[in-house]
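Over in Swiss-Prot, the protein carries these features:
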- GLY8, MET9, SER10, GLY11, SER12, GLY13, LYS14, SER15: ATP binding site (BINDING)
- ASP57, VAL58, ARG59, SER60: GTP binding site (BINDING)
Amino acid sequence: MEMILITGMSGSGKSVALHALEDAGYYCVDNLPPELLSSFVALKRPHNAPKLAIAMDVRSATSLPLVPEQLRELKAQGMAVQSLFLDANTDTLVRRFSETRRLHPLSRIDATDQHRALVDAIELERNLLGDMREQAHVIDTSMIRAAQLQGYVKSLLQNPSRQLTLVFESFAFKRGVPLDADYVFDVRMLPNPHYEADLRHQTGLDQPVADFLKAHSEVDDMFRHIEQFLSHWLQALVRDHRSYVTVAVGCTGGQHRSVYLVEALAAAFGKDWPTLKRHRELEAG
């Protein structure tokens, strides 16, 4: 029996992720009170529900501290448990709430008619969910569409052995560091294909760009140093019971250098480890 727990910021896409899991055959429950988690799982065991997906949000904030111990107990009983935390930057969340005209769950102050400003409600939610975020695999949805999020969540399910999965992500520093990054590597000092007229409108996925970068020894040096660093620490991450580790590689525009290195790293580590790739700026269009 396995279970995926979904938490995260309001407006970050938890419902989209839950729908993706439902499409993948999971028995899904939204907004389950944390104090009912263990009893709900016990209720489903006799009914042969092998895959459960449960979403919790900030409306259960007072009970969320109960969750880590319950998850440890479920793992001790032999259940495969994963925790996903969906996040997005504040500007994105403000825009999403403005577009949908929905009220943030923490907008109302207690039982009064007074309301918090939207930004204040979002920051309060971040503080309340901080511990849950620390214990989960974080997915930054700031720059991805609903269909892309569904596809990404489904791709996380492709590791039945529960071996540590490496997620390699390219990004542009000018658009911010991904919120879900465990390690960030800055490659802006490397030769930039952007300044080559015939390469400017291509990406790190294209062979001419790859050939240009391969011709510079410092690019290979950067690749080898990142590879050596990760290889040195992977077993320690396994001992720490990590399910996912996100390695973000950033350049100025997220089109050439970071994309090339993410492809190279995923190919190298993919020989021995489950790997996923994301090119944030390319996927954003």
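A Cβ is built for glycine as well, from the same backbone N, Cα and C atoms used for every other residue.
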Smallest number of other CB atoms within 10 Å: among the binding-site residues SER10, SER12, SER15, SER60, that is SER15
In all the protein chains shown, the tally of other Cβ atoms within 10 Å of the Cβ of GLY8 (ATP binding site) is 26
Apart from the site residues ASP57, VAL58, ARG59, SER60, the 8 Å Cβ neighbourhood of the GTP centroid comprises ASN31, MET56, ALA61, LEU64, PRO105
Quick note, SER60 (GTP binding site) and GLY8 (ATP binding site): C-alpha atoms separated, nearest Å, by 12
Fewest neighbouring Cβ atoms within 10 Å among the binding-site residues MET9, VAL58 goes to VAL58
If you measure between the CA atoms of GLY13 (ATP binding site) and ARG59 (GTP binding site) and round to the nearest Å, you get 16
